[in-house]
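One structure is given here, and the rest of the page talks about it.
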Amino acid sequence: MKTIAVLTSGGDAPGMNAAIRAVVRTAIEKGINVKGIQRGYSGLINGEIFDMNRHSVSDIIQRGGTILRTARCPEFLKEEVRQKAANVLRVFGIDGLVVIGGNGSFMGAQKLSKLGVKTVGLPGTIDNDLPYTDYTIGFDTTLNTVLDAINKLRDTSTSHERVSIIEVMGRDCGDIALFSGIAGGAESVIIPEIGYDFNELCKNILEGKLRGKMHNLIILAEGVGGAAELAKKVEEVTGIETRSTILGHIQRGGSPSAFDRMLASRMGVKAVEVLMEGKTSRVIGIKEGKIMDQDIDEALAVPRSFNKELYDIANMLSK
């Protein structure tokens with residue numbers, strides 16, 4: 001293993017820079033050359049590749065986003081495009097590729113490995129929607145961003161004695177809503193894994209009002225969606241002023257938390273070690289606090305499980 005490359009793909013996540021830093025500095029320490037690929041698979045296809053050194057990753061561990069930029073690349077679904085990408089890697093003398101991203105990025109790495117490219121994936125996605133690992137890079141920071149918004153919205157909701165519906169990211173996985181709902185003391189959490197009863201929701205709001213609650217916070221995952229429409233319906237039925245807030249892309253930005261910096265650093269080191277061991281088509285994850293690697297085919301085949309215990313806790317503590 002003489003030269004490896006690293007890229008970030010798909011949606012950005014806080015902690016990606018910490019992972020890049022760990023990959024670059026670990027590889028250099030082990031005598032391996034490192035190249036950076038800009039703009040994900042799109043940049044790989046176009047040969048946007050440059051040499052990296054220790055200085056390339058100075059003062060980036062605290063920065064959100066990704067210094068390598070990122071992009072979505074739908075054309076990577078085509079066999080001829082992936083073949084071109086594999087050829088580009090060979091032309092640049094790259095022996096191994098570290099891919100930092102989510103499900104779609106891992107599928108790209110999986111396809112490249114079938115073409116003889118040694119690949120290792122790091123889970124970089126705020127949604128925490130890769131079931132083979134307990135946590136993904138960026139999830140914890142996003143929770144803290146959402147929690148900050150919840151705290152501020154509670155202040156104004158209490159002042160006006162209103163209902164606040166906060167829509168957070170999470171198209172297929174409701175972990176952001178579920179975890180932030182518990183940590184933020186929300187009265188209701190609505191996630192795609194479990195449907196909700198609108199009448200029951202309104203009943204809970206009214207019962208809370210009778211018990212003297214000064215506000216009511218509802219955390220809604222974008223996979224369920226329709227925060228503005230839901231707010232309108234809630235106000236019509238309950239007669240209580242209701243406002244909706246969509247947090248949007250603010251959830252992707254910001255300096256990564258200590259947890260995400262540690263997680264990304266540990267995973268970055270492990271990725272280089274896995275490549276040096278001659279393994280390929282692997283992904284890095286964390287299980288019960290331990291950094292591990294797993295075959296990418298097996299990882300992508302792990303069914304998504306729903307944490308019913310946490311959901312029950314959210315409901316119990318909200319009353």
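A Cβ is built for glycine as well, from the same backbone N, Cα and C atoms used for every other residue.
If you draw a 10 Å sphere around the CB of ASP127 (active site, proton acceptor), it holds 25 other CB atoms from the protein chains shown. Residues or ranges marked as active site, proton acceptor by Swiss-Prot: ASP127.
According to Swiss-Prot, the feature ATP binding site maps to GLY11, ARG72, CYS73, GLY102, ASN103, GLY104, SER105, an assignment based on sequence analysis. According to DSSP, CYS73 (ATP binding site) sits in a coil region rather than a helix or strand.
According to Swiss-Prot, the ADP binding site annotation covers ARG21, ALA22, VAL23, VAL24, ARG25, ARG154, GLY185, ALA186, GLU187, ARG211, LYS213, MET214, HIS215. The Cβ of LYS213 (ADP binding site) lies under 8 Å from the Cβ of GLU187, each on the same chain and at least six residues away in sequence. Classification of LYS213 (ADP binding site) by DSSP places it in coil, neither helical nor stranded.
Annotation note: ASN103 (ATP binding site) sits in a helical segment as assigned by DSSP. Marked as Mg(2+) binding site by Swiss-Prot on the basis of sequence analysis: ASN103.
The number of other CB atoms found within 10 A of the CB of ARG252 (substrate binding site), across every protein chain shown, is 18. DSSP classifies ARG252 (substrate binding site) as coil under the three-state reduction. Positions annotated as substrate binding site by Swiss-Prot: THR125, ILE126, ASP127, ARG162, MET169, GLY170, ARG171, GLU222, ARG243, HIS249, ILE250, GLN251, ARG252.
Using a 10 angstroms CA-CA radius around ASP127 (active site, proton acceptor), the binding-site residues that qualify from MET169, ARG171, ARG243 are MET169, ARG171. Between ARG25 (ADP binding site) and ARG243 (substrate binding site), the C-alpha separation comes to 48 Å.
Close to the recorded ATP site, the chain also has SER9, GLY10, GLY40, GLY101, GLY108, THR125: residues not among GLY11, ARG72, CYS73, GLY102, ASN103, GLY104, SER105 whose Cβ is within 8 Å of the site's Cβ mean position.
Counting other C-beta atoms within 10 Å of each candidate's C-beta, the binding-site residues VAL23, CYS73, MET169, ILE250 are led by VAL23. Neighbour density at the Cβ, taken as the number of other Cβ atoms within 10 Å, is lowest among the binding-site residues ARG25, ARG72, ARG171 for ARG171.
Taking the Cβ of GLY104 (ATP binding site) as reference, residues of its chain lying under 8 Å away and at least six apart in sequence are, in sequence order, SER9, GLY10, ARG72. Rounded to a whole number, the C-alpha distance linking ARG252 (substrate binding site) with GLY11 (ATP binding site) is 8 angstrom.
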